[in-house]
Amino acid sequence: MSDRLFIFDTTLRDGEQVPGCQLNTVEKIQVAKQLEALGVDVIEAGFPISSPGDFNSVIEISKAVTWPTICALTRAVQKDIDVAAEALQFAKHKRIHTGIGTSDSHIKYKFNSNREEIIERAVAAVKYAKRYVEDVEFYAEDAGRTDNEYLARVVDAVVKAGATVVNIPDTTGYCLPQEFGAKIKYLMEHVDGLSAGKAILSTHCHNDLGMATANTIAGIMNGARQAEVTINGIGERAGNTSLEEVAMILKCHKGIDIDTNINTQKIYPTSRLVSSLMNMPVQPNKAIVGRNAFAHSSGIHQDGVLKNVQTYEIMDPKDVGIDDNAIVLTARSGRAALKHRLSVLGVELEGERLDATYQEFLKLADKKKEVNDDDILMLAGADRAAAHAIKLDYLQVTTGMGVKSVACIGLDIAGEKFEASASGNGPVDAAIKALKNIIKRHTVLKEFTIQAISKGSDDVGKVHMQVEYDGHVYYGFGANTDIVSASVEAYIDCINKFKK
Ligand code: KIV
Ligand code: ZN
């Protein structure tokens, strides 16, 4: 019988730490339910001591989700563990994930401590967490750069203290696959509690050198039985190992003989949902879920695929939930079709919210012939802007070759109307200058990304922005068939987040 790998999803914790990717509790519940449908074993729902928002999200996700274990992160600190236990009170299956840095640089510079004291603190944290829950996971932060012999002593001590899972993070993404695999092998061979089945090892790899998935697979092939992953590989800096890559590697490489509980046909809808809610575009060439992942453009490839799809495709797009025959929504599609498609994508809308989204859908379907999944996810999330105090009333821009662009803008600020105009070196410049003439704050545009039109000149353009104001950087998003309006919407999204 094949071995089982547990999938620990940390999209809502490590993934959500990414600047600009923050979700509110309702959105986190949506993602958590989709992860449950996808078949993940553990959902890391947050770091409860870090903020009231995280605390509340762990509570609400615990109530909303039935099968997966809900996990809460802590440092090896009693207060953190108390708060995590409280946040997990409604979880049907609960886990506390506690830990401490074990590399020499963490021990010296982060904790001003020594190896023996770190083992004592690790053991004390596990024992303390055990007072609240049976299932305790310990992480040895920066295990990737921790000396193997010392790491084995740490793992041995925490397993004896009652840890059920020991996480070996390559926190900095430094390890080579062979090195990481050897580390897991060394631990499997030198810690009795592991061979005795008292605990399992987990991988948690970061992608700084592009080796997160390779390291995770090396870890699995050497004995790790849990993999910590995120949807689309989002996470701190260059991100974490991506769930879809691990799940599909194990599905395609039957020789590894390790199974997961992932329903791979839910991979693509989950990827779209997370990307849309977090306003985090997926790079077109991203393995498994990128727009080009199954697109064959060269003549030789197209010819081969037409003769026999296996010549260039190692997996069936349908296996990851990409269905070319999926119903495309048009202006003639009814409310029920929209509701059904959203539900396939993990968004349940009813009543007034469904009506409002349907009205927006009809407007968009008037502007473009076919409305795709990204569009309707964007529409379903559009009511996030409804609560904004500052709203765009109208925007008029004249532009062209050899003339200066001029923009007139109207804003509604908490019910009061304002108008201004400005000229600029292009339509976006003119529109933003007109907007600034009303807002009158010193802002600096730090980043401005327009997601290029992908399927036709009538497609929806998506704009991501970072605006600096008063020492803080704010993230904004806008989407519109008119790219200038999308840019202004993104700027307004940022302004609405200003703290003063
Ligand atoms: O990367 C890391 O080491 C972590 C731990 C907190 C598990 O995210
Ligand atoms: Zn991490």
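Even glycines carry a Cβ here, placed using N, Cα and C.
ASN240 is the only one of ASN24, ASN222, ASN232, ASN240 that TrEMBL places in the Mn(2+) site (with ASP14, HIS204, HIS206). In the predicted model, the region 'Regulatory domain' (391-500) has a mean pLDDT of 88. The DSSP breakdown of the region 'Regulatory domain' (391-500), given as helix, strand and coil counts, is 27 helix, 53 strand, 30 coil. When the binding-site residues HIS204, HIS206 are compared by the number of other CB atoms within 10 angstroms of each CB, HIS206 has the fewest.
The Cβ of ASN240 (Mn(2+) binding site) has 29 other Cβ atoms within 10 Å, all protein chains considered.
Under the DSSP three-state reduction, HIS206 (Mn(2+) binding site) is assigned to strand. Look at ASN240 (Mn(2+) binding site): DSSP puts it in a strand. The Mn(2+) site is set by ASP14, HIS204, HIS206, ASN240; from the centre of their CB atoms, other residues of the chain with a CB within 8 Å are THR10, PRO169, THR171, CYS205, ASN207, ALA212, GLU228, VAL229, THR230, GLY235, GLU236, GLY239, THR241.
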